[in-house]
Amino acid sequence: MKLPYERPTLRKLTAGALNKFGPRAGVRPVTALDGVAVGELVARFGSPLFVLSERQLRRSYQAAVRAFGTRYPRVQLAWSYKTNYLNAVCRVFHQEGAWAEVVSGMELEKALLNGVPGPHILFNGPGKRRADLERACAVDAVVHLDNADELHLLLDVAAGRPRRPRVALRVNLNAGIVPQWDRFGFNLENGEAWQALSRLVASGQLELVGLHCHIGTYILQPAAYGAAATKLAALAQRCARELHTVVQYLDLGGGFPSTNTLKGAYLPATDTVPPLDDYAEAVAGALLGAGFKTDDLPLLVLEAGRALVDEAGSLIGTVLANKRLADGRRATILDFGVNLLFTSFWYDHHISPTREFSADTEPTVLYGPLCMNIDMLRESIALPLLAPGDTVVVHKVGAYNMSQWQQFINLRPYVVLIDQAGQPHVIRAAETLEYLQQLEQVPAHLLG
Amino acid sequence: MNSYFRTILHSYAMLFFSQHRGLGALLLLVSFAHPLVGAAGLASTALAVAGARAAGFNREWTGRGAYSFNSLLTGLALASFYAPGWALAGLVTVGAGVALLLSVALGGWLGGRGLPFLSLPFVATVWLLMMGSAPLLHLPPAEANIYWLNEAYALGGPRLVAVAQWAADWPWPPLLATYLRALGSVLFQDNALAGLLVAAGLLWHSRIAFSLSVLGFLGAYGVLWLTGPAGSGPLEYNLGANYVVAAVAVGGVFVIPSAASYGWALLSVPVTVVALAAATAVLTKLGLPALSLPYCVTALLFLYVLLLRERPGAGLVLTPVQRYSPERNLYAYATDRVRLAHQGAVAFTLPFLGQWACTQGYTSGGPTHLGDWGQALDFAIADADGHTYHGAGFALSDYYAYNKPVLAPADGVVEEVIQHIEDNPIGEVNLRENWGNTVVLRHAPGLYSQLSHLRAHSVPVKPGDYVRRGDIVGTCGNSGRSPEPHLHFQVQATPYVGSRTVAYPLAYFVAEAATKPDLLPVLNPFGTTDNVYKAPGGASKALAALSNTTKPSAAIPRTPQLRHFAVPNAGDLVSPPAINRTLSQALRLPPGYALDVRNADAPTAPAQRWEVFTDAYNLTYLRCQTTGAVAYFAGDASVFYFTAFYGSEDSWLYFFYQAAYRVPLVSLPGQITRDAFPLSVVRNPALAWAQDLLAPFYRFLKPTFALEAVPDADAAWPGRPVRLRSRAAVGYFGRERATQTAELTFADGHLAALRVQRAGQEINLTCSLVGA
């Protein structure tokens with residue numbers, strides 16, 4: 001058999017002292033996703049192509065429920081819509097039992113269309129409009145109040161309604177995370193939150209059901225969640241004691257990391273990111289030790305997004321060209337860029353080839369197809385000697401990419417979901433020029 | 001006043017161990033066939049009831065006529081024996097009083113031994129008065145019994161005489177005539193027509209009692225036919241009643257009717273025959289009648305020996321709660337035996353949070369739960385693939401169960417704590433300290449639970465500490481004979497670590513039955529280390545391989561079921577239920593809690609008040625203050641259910657009893673709760689009577705109850721209304737007919753509305769909390 005051609009490479013010899021861990025740093029190819037060959041997927045749906053694994057979506061969800069549910073008696077996950085609001089993805093989570101956490105009127109409607117009952121929708125977000133609040137009240141969603149102006153607007157909306165709208169107060173607090181996220185909700189330490197709670201309860205027009213805080217994103221310190229839980233629990237107990245209002249749930253938000261490596265991290269995330277169990281241990285320990293009676297423990301709500309979906313998503317792309325830069329580095333141009341892989345601004349994504357190569361690798365700069373200087377996917381990655389037409393798989397791209405992607409220069413590709421039987425389903429068709437232009441209108445004087 | 005007259009009717013019905021006021025009224029009527037005798041009986045009863053009420057004897061027994069029916073018999077007997085006059089009136093008054101006093105006294109004495117006093121006070125009173133009055137009063141014997149047509153003429157003129165003569169001359173078959181006269185003689189009537197009315201009344205009251213009366217009579221007839229010329233001697237007239245009543249008492253009233261009880265009743269007949277002959281022989285010399293003494297002796301003998309059995313058999317069951325109807329006794333027993341089997345048991349719950357898999361059940365053929373130690377449960381956490389770990393499975397922390405909180409399964413006191421044993425590496429077992437780190441809790445005298453294989457130094461409690469259900473008593477570990485982290489739970493009768501086990505069910509848990517029970521990994525505590533080392537959880541690998549090849553697991557629906565007083569099976573996925581706070585608050589029903597119930601379609605009509613009380617046995621019941629209906633209920637943290645209903649079946653409380661017969665206080669979407677009503681709820685008379693006759697032997701009617709939650713996202717929120725739909729139906733021969741459908745709405749911590757559809761009518765009730 002004729003061996004495939006590989007381009008020659010020149011490298012400076014930098015052999016260090018030998019060690020027992022060996023040099024097997026070779027890149028392992030990924031030939032199939034959930035049992036479906038990458039080549040077959042590309043042949044059917046083209047490249048680039050987003051692939052989601054239903055199996056992994058469910059496994060991740062179940063793992064989160066297991067981590068918290070075996071440590072605390074009352075746990076509810078609310079799927080963070082903004083992380084990935086493709087309907088198929090949302091519905092997988094809702095089937096598993098997730099509520100919906102939405103941050104805009106559009107997401108609220110999406111959740112309703114996905115069959116989520118109003119009372120199971122938590123309406124977060126700092127920018128709710130009057131119409132959004134009216135809609136939320138009409139469908140009986142829970143409004144998470146972000147600021148005093150919103151509180152007054154909601155009081156105005158609530159007036160004259162047959163049932164009091166249910167609300168939770170968003171609280172920001174010092175959980176030991178620097179910088180402290182103080183832009184969402186009312187500050188706890190300076191008394192703003194308590195003032196808002198008093199105002200809210202005194203109004204008699206709103207039903208306080210929960211307290212919410214979101215201490216940040218990609219938080220690597222489980223203890224911070226324990227601190228936040230302790231402070232929220234104390235606030236809830238003060239509500240019961242001084243305002244005679246029983247807080248039914250404590251929402252600790254999201255921000256749990258996935259195992260994607262942050263840019264600039266020294267070690268890979270798989271080695272440094274604490275398991276979800278550590279977070280669960282911290283939160284459950286804090287709540288169980290907070291002094292609630294066993295029968296009065298509040299419901300623990302979590303708005304995990306990234307931790308549930310990131311691992312289930314993969315992006316298949318194709319090498320368009322190789323070139324050498326002026327400084328001698330090798331550069332590879334792929335058919336997807338930051339337009340599809342928004343998270344490459346934060347992560348050093350793990351990227352695998354899809355066929356066997358020799359063990360030789362070369363540090364490579366990965367560029368996307370955009371005619372923009374920012375379109376760089378990896379500054380330097382050791383990849384085998386890819387040739388034009390070779391495909392690669394980017395792993396753990398399920399979070400944010402399919403909601404923050406841009407229709408810029410190129411159209412957005414197919415998204416397929418591989419079900420648990422290994423059957424791919426298109427869950428979002430590739431965009432067409434017609435789709436892109438269907439909202440456009442050309443004034444008459446420009447026609448003809 | 002009403003209750004006074006009711007009590008008088010109850011006294012009459014009590015002659016046949018009944019509270020059937022129709023039967024009571026009929027017997028009252030029949031007793032007036034001899035107007036004078038009837039009047040004496042009625043007067044005597046009235047006096048006794050008034051006396052019992054005035055004296056403040058047990059209100060329940062007084063109200064049922066239990067203290068006054070002996071006075072009734074005394075009055076009837078005295079008036080039958082002596083001629084009318086002031087002397088007789090005085091004698092009846094004294095007799096009523098003496099019978100009442102003896103009833104109360106004997107009730108206190110025999111009642112404490114679990115025995116009824118039957119008509120012993122009557123026998124004693126009549127003897128006392130006969131012997132005592134002879135030297136004092138010189139009463140002439142009554143002639144009315146002989147010249148009773150004169151009386152009939154005086155009362156009803158020639159027409160009544162004609163009817164009476166026609167009835168007397170009617171060519172009754174001799175066997176039937178004897179039977180009817182025997183029944184009539186209970187009321188001191190020697191008259192087939194009276195007997196016929198009594199027989200009809202008895203049939204109206206109870207088909208089982210009626211069939212037993214026939215059985216007793218035919219049995220006696222058979223015995224006497226074997227011993228000599230039938231139709232003569234003791235079978236005649238009033239003494240024939242002894243066989244009949246003894247058979248009814250022994251076969252259907254004090255014993256739950258069954259084929260065995262019918263046999264027991266038949267066995268009583270020859271004893272009654274002998275007792276009667278003996279009593280007659282002895283008493284004739286004293287100039288006293290045997291009256292109902294033989295029946296009392298036989299019945300007490302046959303009941304007392306049953307009471308003294310060491311192993312009460314399944315066939316002959318003494319009536320646990322007397323409902324004054326053989327049918328009701330039987331039907332209540334048949335359902336309660338299943339429904340209330342675990343009343344009073346210590347409620348054990350799962351000793352952990354979240355969903356775990358039962359990896360070894362009771363003597364499931366598992367590797368370690370064997371012999372005297374067989375009634376134990378092992379739990380571990382498994383994922384959807386059946387793995388009990390993630391990653392490589394070489395480290396303890398890879399195992400889902402490791403370091404997860406272990407909870408007290410019930411309230412108790414910490415008896416023993418062992419927590420110094422180090423956790424084993426994966427795949428190794430510690431056979432020297434078999435149980436590993438262990439907590440033993442004492443829940444009741446002679447009832448302990450043991451939790452084993454805990455993580456070293458993870459136990460936050462110490463011996464002597466009081467723990468509540470759900471308190472953390474340690475975390476799951478891998479100490480002792482445990483190759484991978486799991487929890488061992490057993491119930492035992494002795495406080496030592498490693499005591500032999502006792503089978504004891506869990507009060508409630510949610511179970512998803514394993515679709516492939518043999519596929520979950522059974523831990524191998526024998527620690528064939530090489531095997532485990534090469535492939536940690538070797539069985540799990542096999543399972544993973546299998547489930548990879550199968551169709552999507554979503555296609556195999558596992559419906560979680562709430563289970564009560566059951567034991568998980570190996571392979572079940574079990575978790576503690578999520579208690580619905582709205583339901584559990586609304587159906588907690590503490591004593592003193594009261595609801596005002598109104599008809600929504602007639603809002604101006606007065607409300608009925610349902611109030612919660614506790615009886616002398618610490619059982620709770622709802623009582624409707626308007627209708628007097630009473631519905632007993634019970635339950636635990638996970639379920640509410642009614643146990644019995646007494647009163648009018650047209651009362652609103654009865655609708656509620658049928659609508660909320662069993663309500664799980666748990667949110668489980670799509671769950672249908674089923675239960676079985678006692679057969680006494682069947683209202684179709686033809687079906688019911690046919691069933692009653694066959695009931696001791698075979699029950700073909702199946703009254704069923706089903707309840708489901710109306711799907712509603714609101715239900716998950718405390719304070720939001722919860723709506724339930726229930727359906728009561730009667731099934732027979734494969735058909736099912738709904739008798740009542742209802743929709744219950746719970747809001748603001750109480751039952752808010754009840755919509756009932758039954759027999760073509762719809763009733764809308766709204767409830768409000770009293771004092772709220």
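In case you wondered, yes, glycine gets a Cβ from its N, Cα and C as well.
Since we're looking at a predicted model, the values are computed, not measured.
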Annotated stretch (transmembrane segment, per TrEMBL) among the listed ranges B:210-228, B:400-418, B:495-513, B:647-665: B:210-228
Secondary structure tally of the domain 'M23ase beta-sheet core' (B:401-492) (DSSP, helix then strand then coil): 0 helix, 39 strand, 53 coil
Residues of the parent chain within Cβ reach of the transmembrane segment (B:210-228), under 8 Å, 6 or more residues beyond its termini: 175, 178-179, 182-183, 199, 202-203, 234-235, 240, 243-248, 251-252, 257, 262, 265-266, 268-270, 272-273, 326, 693
Contacting positions for the transmembrane segment (B:290-308) when only residues 6+ beyond its ends and CB under 8 Å are counted: 73, 77, 113-116, 118-120, 122-123, 126, 239, 241-243, 245-246, 249-250, 254-255, 264, 267-268, 271-272, 275-276, 279-280, 283, 316, 318
Reported mean pLDDT - the domain 'M23ase beta-sheet core' (B:401-492): 94
